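Please read the structure below before turning to the comments.
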Amino acid sequence: MSYVEFSSDAFLVAFFLYCFAFMFYVIAFAGKKWSNRDPIAHQRRWGRIAFIVSSTGLASHLAFFFTRWIGSGQIPTSNMYEFMTFLAMSIMIAYTIVYAIYRKPLLGVFALPLTIIIVAYAAVFPQEVQPLIPALDSIWLKVHVTTAALGEAFFAVGFAAGLMYLLRVIDYNDKTKNGRRAQFWLEFTLYSIIVIVGFIIAVFAFRGAGYEAEFTQEKVIIDSRGVQTETTSNVHYTLPPIFKPYNSEIVSVQPFLGVDKPLFEAPSWMNGINAGRKLNTVVWSIIAGTLIYGLLRLAFRKPLGAVIHPMMEGIDPEDLDEISYRAIAIGFPVFTLGALIFAMIWAEIAWGRFWGWDPKEVWALITWLFYSAYLHFRLSRGWQGLRSSWLAVIGFVIVLFTLIGVNLIIAGLHSYSGV
Amino acid sequence: MLVPENTKCECGHHNSVGTVLCEYCGKPLHQDLQKSDEPLEMRYDGVARRSQKSNPSYIDRVWNFFSSVKIAIYLIVITFLTAMLGTIYPQESSFINNFDPSTYYRETYGTMGHLYYVLGLSHTYESWWFIGLLVMIGTSLVICSLDRVLPLYRALNKQQIRKHHQFLLRQKAVYKGTLNQDAAEWVSQYGDALKKKGYRIHREESGTALLAEKNRFSRWGPYINHIGLILFLLAIVARAIPGWQMDAYITIPDGDTVQIKDTNYYVKNEKFNVEFYADDELPEQLQGKARAKKYLTEAVMYKCVSDCGNPLKEPVLEEVKRHDIIVNSPLSHDGIKLFQFDFNLNPRLNAVNPVLEDKTTGEIYGPFYLPMKDAELHYELGPFTLDLYANYMEFALGSDGKPTTLSRDPNAPAFVFTVKGPGLHPDGEPYIYFPMQKDKVRFAQDTINRDLAERIEIRVDGMENVDFSEATTVLNVRVDRAVPYLWVGAVFSMLGLIMGSYWQHRRIWLRVDGAEVVLGAHTNKNWFGMRSDVAFGLKKTGIEVDPKSLDNGGKNA
């Protein structure tokens, strides 16, 4: 068995261990109220089991990382699959560090599903080892990407703690305008997470069923000399086309639910690389996510926040607030070093300019400015607790946009790691 | 802002205007703050900042504006929100050649794109308002830091050990209890316990009051970070100094030497090499695509030593540096860096060695050397003479039907000679010559030359008589003399961030009056650790408390 094959197995093991660890954390929580047991002893016992399992998962994940590195001869952080798995691993490392400081296993209830979602998301992307293009072949790439991801992982832990704080303190019996607004946005946050889950499920369901559709897209480019050139390219869909690419012809479309042609065409301004397919994927994610969310609502007959809120009882919100703040404060210097300073050093070496206002660079700066605003807000009265938890949630949305959204929507120098 | 009428504390200490907590005993100075029992705001230890003056002048008002953390946060928020706008469409600076922004945005992105251009968002990061925001952030960094660091330094340098009860009981971590042993002895034990945790212990002479302090240096972290950021911003401003920054692109075909604009240096591209990944090295979906593995320019840098800038003479060059430029490895000399930026594998014709055939006799004359650039004006080939009448680098027929050239690169070169010789008109006859076979066919050379084409022909015999460059390399020339200063700023910034984030300034004050212990503790971050330190000391001296029970509420982190 080659190193790369072994690493794929280790990755699968890590994934399942994370899933089990998550279940054990849920048992540690939900099982507190079960009869014939001491709630504190129960939580300690299952919290420890869960932590051991998740740490074994992390060990397996590390084994994946290093064997893939040895097997491929290059650090596995160079395409979307490798980067996302590395991010998930970093989140587990950050979680373990925060756990070592605070000894609060409860954080795992939110840190683990986050890791699981990111690992599953990573698996959507092609997993082959791809040779590096020359621009990526530098020691600074390794340092820049890994450090930045570790910083972002601490922000992710801060997000998990912040979200827990919100679920813990937002009162679902509050009928005032402010109360309703808080409930709505918390519910919206949960819905957004489910949309991401919906994306993963949709991709894997149709991939499992072997779904395929193909279009030829015609593009007309007029160059600076006024010479008109037409290029046709094939666009490959793995989800049934709701939107077909702009100005395209069907090559083949497998029927889905009896529909064998696209319902709409992507608008003309969506002219980026595979813009039509990306739009189609987004629409499918929303459909799948909404479906799952709707089913959950039907099952529980109340908002999901109101379902989780009672489970959080007994957790000290002040602790959550502190953990969230601390995780972000730990992550901030790491992020500064990795995403800005190392990135600038690399850019200086590779392109001779430490800063070029490339969209990815700008978004890294936006993330940095956002978290520096957060750290200054913490100094002001009234910004702790609820408000800073919202900021921790919004901050992580910005992190995700920087990591994924920029690659999907805005192309730039970093576009080589896109889908 | 609350302005107290009297800045003299009951302990007898005179405080400056704006002081919140007495600098000496820590008692709140404001009437309404004394009545409340909320935890105290411990920012900057309650000292007056530079900006808190009773009669602000005009300059004071500007100072006050920039000294506010709230204003600083607004500036940061506005900056990142506007920075987001700049990423909607590509910035003008991301295009290199042949780009007219006034039409590009409308044509590519429609009305929204045009609006984007008109609003100036297509050059967000060079716009006066964005730079203005950065300058304001810089100003705010300087003023906020100066406003706080000096008073804070003074306050921490002359700390009173015995604090007022109000001060102690209104900290975020508080313990109150009674002792059943000698007060001085217990205080000393408690101090010894905290010493093990790395605290520095200051005891009052009476032995019944104590101040334990640890990691005060971390308080300077934010200021050192701000100094680093200021240096960084100053380094960026310094790039406006003439000669400190250059960003240009040069295109050099194999074998050519080109001057680097505005400098005394020349670069030669001896050869450009490119290597592609073989199919078996690539995963399936990338196979068949040319994915570059390595590209390299064998470059030589020369310095001009004499006859520089003299259009009549060739400059005298002296080699200074030789380097194989690849991505991530530029040629670097005297602050000038040459980066591999792009390449072009279209061959480019440099020169040909054609011959002239007299078709009536079958006689062949030549060959003669004909470079694409700077060709000789007069050639003698046996009985024939050629005079170069005109030449075109990229031949085309203009809309008026007259020949013209589209560029200065020899993409479709053409030469017009006036030919004189046996059997020709004594004033000479015009003959057009296309060195490239494809152009000869495309522009119908023989048709243009009419009768003359039947009597003479200029042509190249064999590839050995053609000199061409296989590839052209595009190098990016960069000069940035501010960079070392940027790194200095970045180092300061990181140092400050690490100091401020990974250590926390912790202080524990306690006083014993009779048998009653009152203890207050303060930290700027990580209350969890603060409480466990207090509880650790108490436990060592025989008082068991749950760290969480020390929490006095209050949300000021």
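Any Cβ shown, glycine's included, is placed from N, Cα and C.
What TrEMBL records for this protein:
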- A:6-28: transmembrane segment (TRANSMEM)
- A:49-71: transmembrane segment (TRANSMEM)
- A:78-201: domain 'Cytochrome c assembly protein' (DOMAIN)
- A:83-102: transmembrane segment (TRANSMEM)
- A:107-125: transmembrane segment (TRANSMEM)
- A:145-167: transmembrane segment (TRANSMEM)
- A:188-206: transmembrane segment (TRANSMEM)
- A:282-300: transmembrane segment (TRANSMEM)
- A:318-414: domain 'Cytochrome c assembly protein' (DOMAIN)
- A:327-347: transmembrane segment (TRANSMEM)
- A:362-379: transmembrane segment (TRANSMEM)
- A:391-413: transmembrane segment (TRANSMEM)
Intrachain neighbours beyond the transmembrane segment (A:327-347), with Cβ under 8 angstroms and 6 or more residues off its ends: 94, 97-98, 138, 140-141, 143-155, 157-158, 161, 353-356, 361, 364-365, 367-368, 371-372, 374-375, 392, 395
Are there three or more C-beta pairs under 8 angstroms joining the transmembrane segment (A:282-300) and the transmembrane segment (A:107-125), sequence spacing 6 or more? no
On the 0 to 100 scale, where does the mean pLDDT of the domain 'Cytochrome c assembly protein' (A:318-414) fall? 86
Residues in the domain 'Cytochrome c assembly protein' (A:78-201) per DSSP class, helix first, strand next, coil last, are 100 helix, 0 strand, 24 coil
Spatial neighbours of the transmembrane segment (A:282-300) not adjacent in sequence (6+ beyond its ends, CB under 8 Å) are 191, 194-199, 201-202, 239-240, 242-243, 307
